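Chemist: In case it's useful when we look at the structure, here is the feature table from TrEMBL:
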SIGNAL    1-19  signal peptide
DOMAIN    38-128  domain 'Ig-like'
DOMAIN    134-263  domain 'Link'
DISULFID  215-236  disulfide bond
């Protein structure tokens, strides 16, 4: 395996949608000497559980070097959040990310620095990772506006999600989606009708990414009844808008519906 392939392989567990470049501890106007900037088309998205490549490639190899991957955003408390260090022959993995180099998780979202260390010289490339997801509304079965911030975080986690960031919500607003309390998530797998019950986040993801559509309401794990629509029509729930629609939280013992299950 050549050196470039080693670098690419060592970084092949993230996705990114935008990239920016940072020359660490050197003149900002000085060009990169060893590292190549990522390719012009270096805009990649992936869903949770996928593996893709972050570009960290050398023009040529110094006689002695190390390459260090560090997560820099969101910042960690107190210590440097090192992911991996390699010299092209041997690599050492750190933290919760390094040992699982092929499984994206929601918390992997953020910015990463690939730093080449060559004696007293160093230079780096910073790449921002964004995991593809969907923003969706979620509320307590007790009604609207029942969550504190910490309650909301816990509720999102129970639905295989995290709270939406400002940027994630902004992208939804400019795409003309009208939502209320919002979350952000992505996940691998599939949802199917009539067959463990699916979480709210999972049915939203299947609706968005797998075009799941069913005109009949089905139970979800949180006790709500919902149904996804891709092509609105009169005989499909009687609702003229696409989306995942809710019948609320009917009595579990009195009302009969199908079920949306996750596998």
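Cβ atoms are placed via backbone N, Cα and C, with glycine included.
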Chemist: What are the non-local neighbours of residue 236 (disulfide bond), defined as same-chain residues 6+ apart in sequence with CB under 8 A from its CB?
Modeler: 213, 215, 229
Chemist: Taking the Cβ of residue 215 (disulfide bond) as the centre, count every other Cβ atom within 10 Å, in any protein chain shown.
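Modeler: If we count other Cβ atoms within 10 Å of residue 215 (disulfide bond), we arrive at 13.
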Chemist: So, three-state DSSP: helix, strand or coil for residue 215 (disulfide bond)?
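Modeler: DSSP assigns residue 215 (disulfide bond) to coil.
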Chemist: Taking all residues of the domain 'Link' (134-263) together, what is their mean pLDDT?
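Modeler: Within the domain 'Link' (134-263), the model's average pLDDT equals 73.
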